[in-house]
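Input: one structure, supplied below.
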Amino acid sequence: MEQKTFFRLIFLVVTAGFIISFTSTNFPHAPSSTTGFLDCTDSSSSPLCASRNFLFKKQKRPISKNDPKPKPKNHDHFSDTPNHPLDPLTVVEINKVRSILFSHALFSSRAPHVLHSVVLEEPEKNLVRHWEKGNPLPPRKASVIARVGPDTHVLTVDISSGRVDIEDNPVRASGYPTMTLEEMNAVTLAPLLNADVNRTIVSRGVNLTDVNCFPLSSGWYGKKEENKRVIKSQCYSNQGTANFYMRPIEGLTILIDLDTKQVIEIVDTGRNIPIPGSTNTEYRFENLVTTDKTRPLNPISIEQPRGPSFVIEDNHLVKWANWEFHLKPDPRAGVVLSQVRVHDPDTQETRDVMYQGFVSELFVPYMDPSDAWYFKTYMDAGEYGFGLQAMPLVPLNDCPRNAAYMDGVFATADGTPYVRENMVCIFESYAGDIGWRHSESPISGLPIREVRPKVTLVVRMVASVGNYDYIIDYEFQTDGLIKTKVGLSGILMVKGTTYENKNQVKKDNEGNEEELHGTLLSENIIGVIHDHYVTFYLDLDVDGPDNSFVKVNLKRQETEPGESPRKSYMKAVRNVAKTEKDGQIKLSLYDPSEFHVINSAKTTHVGNPTGYKIVPRATAASLLDHDDPPQKRGAFTNNQIWVTPYNKSELWAAGLFTYQSHGDDTLQVWSDRDRDIENTDIVVWYTLGFHHVPCQEDFPIMPTVSSSFDLKPTNFFERNPILKAAPNFEHDLPMCGAESVSA
């Protein structure tokens, strides 16, 4: 037996056993350990550990001999204790929550139990805002989303008292909770445990030992998908390549019951479509052979001989230059920034900017209406868990040498805590940018050349949601600006085709080409057109929670006859949003505006209200019909900016229960209530969008494309806050030797 076949069979057997045991597990009989933490080494013989090692360690890419070595870790998560009201649950706390739930009446039946989310139940905002270091912490509670049998429950667990409060028993909502990693793992194997699927794959000329199947959320398209959690799976050939995404078994779609892991339906509409070849699909450095004569780049590294300028106190409080903020990993949002404050150099105050900011949802609709593609309209946070898909960051490549790393501590489906190592990195960045400068013209007679370098602080995470990699950066500048940047990389989701060259594409009698729904990237491969929308939750608290949203319209004003040699000029017209409808904004080049969040109760010495403004960069708007089922679910992309009153329950733009939701609990629904938003605690939602028409340069793996938006102080400071920033001097910087460079 070939070695690969042998390991595939072992893998199938072990994982099949895990699927069976998992779907019938009751919490009181869940595996225990003396530490309360699942300690599965690679050599463990436990079947559960074998599955867990695959599940939670497979996401670390294979180690290459050329990889940089990460710094040894001294952090012991078993000894973590919370130091701030917003600190995430610790290993000890998650274990205690698990123990409390085991003894609760809801989980004492023989019905299957699954924990879809175990996170901190954050204290009320006012308690957090007025808490000071050294004071006792508010009671620590966990928010739990659990399924018992077919029912979903939302529970709050008081970790100290052991009390369990059930909010909804059971939940009455159109959608279901975020999938667990265990479910996603089980679904990858479910098709290959079905004889009919196997026969279909073999009939397409594919060896079963060369098959990878991938779980694809199904969306919602009507009655057929109600009252049952379902998921679809499509399969790929990995023969001759690690890049199996480029070798789809086109047209084969398998519908699976997400609870039982049983195949419900098999649709195969692509029997005449060949499986694309593996030629030129490789992307791993050690496997690439090049004869390219391009001059290689010399390595660049930022060295800090006196160490970094930032500190991380109590594991989660970041302080750098004039900024401080609380930072925590989250299984759904990825990372959450809280209590973001900036130091004012003139008043010597540390002032509030934002109470909380994070990725609320990602919506990725593909633009192919065919049977094998119409349902591909993913919600990467609400369906898959953006933080659950976060990958360990690679030193020197994802993050520079001077980076510090933060782990995520999450709970598995049976409540066991596990650590996602190196999930977030924090580092100082200098790319040769300029903070401010001015040189005097010689005609002034003043020999002035003043320049200040721009050094920033970056918080970064990367989530690999299947084929796509999302890079999220929050970049803090010393002038008070926060830049939020999204980068897209990874591998396209492609469609198999009979065409090998564009000149083969069929044309009708009028010469119009057949609609490919994308671009022919290589032989038998179409990159399908799609969109990416990333919606951010921004609870801005500019100098406190009571804020207003101001749309500053830039208008052309005609001059009166005889008033001026000019015929027109531009003026700024400020309109304070009274209700939510006023805060629904569609961006337009032909309606130029600025978007300010102000505190009318606090003004500068010349009378301007203090504020921050949202500065959009390149973005995109959805072109889908508002009645299209995926757009109903993704209605939060109907505008680029929304403003809502703060509501602790309104965090997720697609609703708390996104999987198979109908679009009846979205940001659009909340905002259409048209509540008052003037001089109150408000939340701004910003959607950054990308239209992606694939091109050949995206094959076999995409160069990163990115866009961003800024939160910029506007009359927040009395003057330039970095006026007194020091320039660089030669004696401050080390001299690194280098070989001479010839022309």
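Cβ from N, Cα, C; glycine included.
Copied straight from TrEMBL:
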{"type": "REGION", "residues": "60-84", "note": "region 'Disordered'"}
{"type": "COMPBIAS", "residues": "64-79", "note": "compositional bias 'Basic and acidic residues'"}
{"type": "DOMAIN", "residues": "177-276", "note": "domain 'Copper amine oxidase N3-terminal'"}
{"type": "ACT_SITE", "residues": "Asp380", "note": "active site, proton acceptor"}
{"type": "MOD_RES", "residues": "Tyr468", "note": "2',4',5'-topaquinone"}
{"type": "ACT_SITE", "residues": "Tyr468", "note": "active site, schiff-base intermediate with substrate"}
With DSSP as the yardstick, break the domain 'Copper amine oxidase N3-terminal' (177-276) down into helix, strand and coil residue counts.
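The breakdown for the domain 'Copper amine oxidase N3-terminal' (177-276) reads 31 helix, 28 strand, 41 coil.
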Fill in the CA-CA distance, Asp380 (active site, proton acceptor) to Tyr468 (2',4',5'-topaquinone), as an integer in Å.
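Distance between the two Cα atoms comes out at 10 Å.
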Suppose we draw a 10 Å sphere around the Cβ of the residue listed as 'active site, proton acceptor'. How many other Cβ atoms does it contain, all chains included?
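There are 24 such Cβ atoms around the residue listed as 'active site, proton acceptor'.
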Which whole-number mean pLDDT does the model give the domain 'Copper amine oxidase N3-terminal' (177-276)?
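Mean per-residue confidence for the domain 'Copper amine oxidase N3-terminal' (177-276): 94 out of 100.
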